[in-house]
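A.B. asks: Here it is: the structure, laid out below.
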């Protein structure tokens, strides 16, 4: 009996999941369950190891593109699609859980809400959180991807969604891929422009949070709002 359990433990992650629960599996074993099979040359666990090694663990894997996944020997379009779909479902479930109950009372609350999703992004993402009168998140929208400047961040795109969602206020966020959240001159100019537009139309811009590598800066706390 022990011999059978040893085989299950080493070679059959799905069976181990059924016996011991998903929480008992390692990252490589969970990945193997999603992949289902290996290739003619290697087992599914070896393929899992290769994927994790290629992406330096889960940190980079969660944001890998279809092409990046398919560049690994043994990963075709079917396996790459399965992984991307699983990761996206995970992100949506986390987002839904927070969105259904998350109230923002401070810059720390806002940074905690978005930190893990934004801190590892390789390009700048400008995101808006739309809040109701209780400061609860009712919607979030990525406005654009790319370097932040006043010619790209148009108030129309920011406030259009606020009207659609009947939002009472907005919090803006963007990340610095360098990991340093110190605001640039462009960051400050964009913020002031959006704050002024919000004041005119009656939808307050509460803050602009810059996300770095596990740290953040609030432009409101810095006196720019």
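Just so you know, glycine gets a Cβ as well, placed from its N, Cα and C.
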A.B. asks: If I go by Swiss-Prot, the feature motif 'JAMM motif' sits on one of 160-173, 174-187, 188-201. Which?
C.D. replies: 174-187
A.B. asks: Looking at the binding-site residues 174, 176, which one has the fewest other Cβ atoms within 10 Å of its own Cβ?
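C.D. replies: If we count Cβ atoms within 10 Å for the binding-site residues 174, 176, the smallest count is at 176.
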A.B. asks: For residue 187 (Zn(2+) binding site), just count the other CB atoms lying within 10 A of its CB, please.
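C.D. replies: Taking all protein chains shown, residue 187 (Zn(2+) binding site) has 22 Cβ neighbours within 10 Å.
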A.B. asks: Taking DSSP three-state, what's residue 174 (Zn(2+) binding site) in: helix, strand or coil?
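C.D. replies: DSSP assigns residue 174 (Zn(2+) binding site) to strand.
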A.B. asks: With DSSP helix as H/G/I and strand as E/B, how many residues of the domain 'MPN' (103-225) fall in helix, strand and coil?
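C.D. replies: Reading the DSSP string over the domain 'MPN' (103-225) gives 39 helix, 36 strand, 48 coil.
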